[in-house]
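Written out below as C-alpha cells is the structure these notes cover.
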Amino acid sequence: LSLQQCTDGYEWDPVRQRCKDIDECEIVPDACKGGMKCVNHYGGYLCLPRTAQIIVNEREEAAAESTSGRNNVIRRTPADPQRAPPNPTHQIQCAAGYEQSDHNVCQDIDECATGTHNCRADQVCVNLRGSFSCQCPPGYQKRGDQCVDIDECTLPPYCHHRCVNTPGSYYCQCNAGFQLASNNHTCVDINECDANNPCAQQCYNILGSFICQCNPGFELSSDRINCEDTDECRTSSYICQYQCVNEPGKFSCVCPEGYQVVGGRTCQDINECETTNECREDEICWNYHGGFRCYPRNPCQEPYVLTSENRCVCPVSNAICRELPYSVVYKYMSIRSDRTVPSDIFQIQATTIYPNTINTFRIKAGNENGEFYLRQTSAVSAMLVLVKSLSGPREHIVDLEMLTVNSLNYRTSSVLRLTIIVGPYAF
C-alpha cells in the first residue's frame, strides 16, 4: 500500500503499515459552529449537541486507541465479533438535517432530492451539509423571496454593437454590414464584394457597407447597384463633328459620304481624285468638300481655241473675236457650306502688264443674287469677296472681267470664269 491508496478521512500509518482514521476534531480548528461539539468518526466527523452521548462499537484492534469519554463518546470493544448488534434503544441521535444510516451513523439528508425543501418554482435547490439553499438560476438575481431577471444589457458592455436582453440571458446583434464573430460578442465587417458581389460591374468593400462603380461609358442607376449605359451623344451636340452613334459603354462618330473620320471625332474630306474617280481621259477631276466633279480638259467654245491648260484665246484674225474678250481662263475652287461672311475667297491678277495702261475689274456674270463683291486691291489685281452665305451642295459660275485701256484708245479684256463648288457641309 502507499499513501495514495488511502481514502478520504484516512492517512497512512507507516508503523502499522495500514490506513488509519484522521481525527478531524483535533486538526480542524473550530470544526463545528453554533455551540455544537465535534465527534470524530471513521473517515469523518460529526457535529452534535454537547449533551448528546454516543456509543460506538469498535474493532478489537482499535481498542487500544479508545479512551474514556472524551466528548461523551464511549467506545466499546466487543468480546465476540459474531455477537448480535447492540440494543436498538441505544441507537445514535442525529442533528437536524441528518438521519441515521443502516450503519447507525448520521448522514446528511438531501432535501433537494427528497423534495422536502421549500424553494419556489422559479428557484433552484442546492443541497448543503445538514441543510439546503434556495438559489436563483443563472441570469437571475434574488430580490426578496423572488428571482428577477438580470438585464445584462445595462451592465458594462458585453456587446460590440447592440445588446438584446432575454429572460435569464441576452444575445448580441450587429449593425447592417457586420456579423458576429466566433465569440458572439464582437462584430466584424462583412465583405459583401467577396460574399455575393451585389454590384453589376465593380464592387468596393468599405467598413460596414460597400459601394458600386461602373466601367467607363456607364453610370450608376438610381438603385446604386446596377449600371446604365451613358448616352454620350446626348451630353453634348459637339462631341462629334457630324453624327454621334451611341453604343453600349461607348460611342462612335461617323461622317457623311465623301468624308472619313480623323482623330475619332473629326471629319476630313476624301480626295477622290487621288484615290478613285469616274472621270474620262478627256476630263479632269476636281475635288471639293464632300465629293468630286469631272470637267472637260478643253473647255474652249467656238471661236476660242485652247492655247494652254484651261486658257482659251479668241484669234484676232477672226472678225467675230473683235467683240469678244480676248481670252477666257477657267478656274475651279471649293468652299464649305455656310461660310462666314464677309470673306475673301479668290484673287484675280493680270498676268501681263503693259506700260501706260489702266486695268479695271468687274463681275461680268453670275452675281444675279448679289452673293459676291469684287474689290480692286491694286492696279493689276482684285479680290472676290463673298458677302452672302452660301449653302451646298451647289455650283456657282462667276465671270470676272479685267478691262485694259491705254492713252491711244486701245481697249481689250480678258475673263476668268470661276466655278465655285459649295460643299454640302460646313466642314
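Backbone N, Cα and C atoms are what each Cβ position is placed from, and that goes for glycine too.
Please treat TrEMBL annotations as automatic predictions, because they have not gone through curation.
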- Recorded disulfide counterpart of CYS193 (TrEMBL; options CYS174, CYS203, CYS212): CYS203
- Message: Identify the disulfide partner of CYS153 as annotated in TrEMBL; candidates are CYS136, CYS159, CYS163.
- Response: CYS163
- Rounded distance in angstrom between the Cα atoms of CYS163 (disulfide bond) and CYS193 (disulfide bond): 28
- Rounded to the nearest angstrom, how far is the Cα of CYS153 (disulfide bond) from the Cα of CYS203 (disulfide bond)? 36
- Round to the nearest Å and give the CA-to-CA distance linking CYS193 (disulfide bond) with CYS153 (disulfide bond). 33
- Cβ neighbours of CYS153 (disulfide bond) where a neighbour is any other Cβ within 10 Å: 16
- Please give the average pLDDT for the domain 'EGF-like' (108-148) in this predicted model. 92
